[in-house]
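Contents: one structure, followed by commentary.
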Amino acid sequence: MSEPIRVIARIRPPHSFPSTATSLSPPSSPPLSFDAVLTGPTSEVQREVSGVVAQFLQGYNGCVLAYGQTGSGKTHTVVGDLSGGEGDGVLGRSVGEVFEGVARENQRCEEESARALAERAEQAGQAERGEEEDAPSVTTTGYSFRAECQFLEVYGEDVRCLLSGPAPTPCPLRDLFEAGAGGRQLPTGDVEVIGAARLPVPGAQRARELVREGMRKRATGATAMNDASSRSHAIFTLFLEQTYRAETESGERGEETQTSSVTVRRSHLNFVDLAGSERQKRTQATGRRMREGISINKGLLVLGNVIAALADRATADDRSHVPFRESKLTRILRTSLSGNSKTLFIAAVSGAPEDADETLCCLRYATRVKSIEVRAVANETTRDSAAAMVHRLTAELGAVAADLLRAAEGGGGGYYEWGRFQ
């Protein structure tokens, strides 16, 4: 089922908009509508992000993307000071929620398994005393997880890993394919970042340490508008694999049958801190900083063209070409913007009067994003053990034999409905 990308506007003080507003109408402009308009601390933004985190734990891919002009508070919103306290950004807060979530899930599985074993033991005792015919089947579930992270930056048109060495390491992109009809290889739309490090993350503190390490290597520089302006787009990805091992025991004492199945959820969650759009007249950038600004604006222009094309598809059923391949940033973000992902777009804007033009431009941009639809599905697979498969097939064959026997006893021409086993 498709759903629109969720869009919020976060206004950096000084501001003049009430925090309860969800629609803004600047003079001589069509209404600008969002899912929320926030003016408070990062904890307020986190309440919106927590919905994406909860779905990530259920096996859905997710993306939190911050866009806005330079100096509008994007990095402050996404990364913050990585302290684990009030100054933490949504990235650190979300990673904390993820590890709290897997701890709760592990506890839930342990408690349910203990309760099921206790009930079976009690009812087995009743069966021995003749109070029950036999003990019921019991299912216990073991839970384990594995988390890894990757931290990239897109500097100009170079994709670089921020965790693979003392300096950012260039990494090429490779398109991924899947088998189609007739053995043809069809593009999935996803890309692999060749050579990028994926490091294990045992807990939230380790994740913050890795983000801090990557941020030290990220390209930044001073301009007239921002003393520590981001000169690259940063993409931090958390990968999570959750494994559920279900063991089912059934039958009378001494004749128990054991079967098992394994369910695996694999999902990833992107945190994207885009470099801010710039006007050279205001940043007063020269030389290398000016060239970086031009490159940043070029990448954001391609992103804008992609968003415009996707919005046209959603609102006018326009099947025209979407230029994902015109930049490496949009190739990486393709799934987050148009595919299997629960995506939250944060429009970071300034409430200062001198930033009014850039603010209005960003809000119009975000309104277009709100019309884009994505189709997220839970990435979950279940595999029966050999014993479970034999048990299931034996039960199905028994049902077939019983149906055929009834048909034979009632006189030939029996009817058997195969569809109920499909």
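Easy rule for this one: first residue shown is 1, then count along the chain.
Glycine is no exception: its Cβ is also placed from the backbone N, Cα and C atoms.
As stated in TrEMBL, the feature region 'Disordered' covers range 113-139 out of the listed 59-85, 86-112, 113-139, 167-193.
For the ranges 10-30, 325-345, the feature annotated in TrEMBL as region 'Disordered' maps to 10-30.
Neighbour density around each Cβ, counted as other Cβ atoms within 10 Å, peaks among the binding-site residues G68, G71, G73 at G68. Cβ contacts within 10 Å of Q69 (ATP binding site), excluding its own Cβ and spanning all protein chains shown: 23. Ranking the binding-site residues T70, S72, T75 by how many Cβ atoms sit within 10 Å of each one's Cβ puts S72 at the top. Listed in sequence order, A66, Y67, G68, S230, D273, L274, G276, I346, A348 are the same-chain residues six or more apart from K74 (ATP binding site) with CB atoms under 8 A from its CB. Per-residue pLDDT, averaged across the domain 'Kinesin motor' (4-372), gives 87.
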